[in-house]
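This report refers to the structure that appears directly beneath it.
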């Protein structure tokens, strides 16, 4: 591999076991990090607002819960796992006043550091540990003695051993069992945003909706169009997930593969690639970040409008009816057992 990958033998858990880690936030990633850190012998404190609905859950699981400011004051390492748009105010109000020299500030995503929304003092370590999987999977793999690969990066090395500390954190949540890949805040942030916007969320959703529209506008039944453009997407993605595009093409019919190879490049052509490059350019220049921060500060008017418009798309009503015929989709995909 062209990247550096680190495993259990490369990480010293002792670097983190003698310290207190504050996990700020207790959502999907927060609960997985906190419980796995605790089970790895790390002293953990959860930082949540007094009225947070997650407080009882964290306390029921045997974790100490304090306000974000109290947790930050107590901790040697502060991991911020709150939503991107909440982090700047959270940092300014609750963390910065307690960020003494020698402490470490960790992130699960590089957005606020990459775009300068948070600017830590020079005398603290700034690092990132970002598992490449949802929190429930991170926790399940840890409990099973396995792990989820993660990205590890250092933006500021005040101590001289920030990367070693980040690797220790990754090991404590099971990441080095599978492999911790060294990256940078810039690379993680820019590729993550691009994947979300152009491929995984924006690109895929737009492709599915447009395909549904083409079929229904041509007179085909919405139910049949739903199956062909949305429902069966999972079958294809699962094959790609398990063994790449080659595995998918090996598993489908020759007719499907010929259509894939001969027609796919006509759908995603050089013009689409140029528009994808333009989207990447907006991410790299900071244009997207500035737009999103301004949208959030303005109360998210465009976001709310676009969300409502998408929710009203005919594919949603059709899908809701058809999923009533599918007993196997009653169980939430995030439910683990």
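Glycine is treated like the rest: Cβ placed from N, Cα and C.
As annotated by Swiss-Prot, active site applies to 109. The Cβ of residue 109 (active site) has 84, 128, 130, 188, 189, 192 as same-chain neighbours under 8 Å, each 6 or more residues away in sequence. Look at residue 109 (active site): DSSP puts it in coil.
Under DSSP, residue 52 (NADP(+) binding site) is assigned to coil, being neither helix nor strand in the three-state scheme. Annotation source Swiss-Prot lists NADP(+) binding site at 26, 27, 28, 29, 52, 54, 84, 85, 86, 87, 135, citing sequence analysis.
Cβ neighbour count for residue 228 (Mg(2+) 2 binding site) (all protein chains, 10 Å cutoff from its Cβ): 14. Residues or ranges marked as Mg(2+) 2 binding site in Swiss-Prot (evidence: sequence analysis): 192, 228, 232.
Proximity of residue 196 (Mg(2+) 1 binding site) to non-local residues of its own chain (separation of 6 or more, Cβ distance below 8 Å) is seen for 202, given in sequence order. Marked as Mg(2+) 1 binding site by Swiss-Prot on the basis of sequence analysis: 192, 196.
Look at Swiss-Prot and you will find 253 tagged as substrate binding site, backed by sequence analysis. Around residue 253 (substrate binding site), no same-chain residue six or more apart in sequence has its CB under 8 Å from its CB.
The domain 'KARI N-terminal Rossmann' annotation in Swiss-Prot covers 3-183.
Annotation source Swiss-Prot lists domain 'KARI C-terminal knotted' at 184-329.
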| query | Any idea of the Cα spread of the NADP(+) site, 26, 27, 28, 29, 52, 54, 84, 85, 86, 87, 135, as a max distance in Å? | reply | 19
| task | Summarise the model's confidence over the domain 'KARI N-terminal Rossmann' (3-183) as a mean pLDDT value. | result | 97
| note | Close in space but at least six residues away in sequence, with Cβ under 8 Å from that of residue 135 (NADP(+) binding site), the same-chain residues are 27, 28, 29, 30, 31, 32, 33
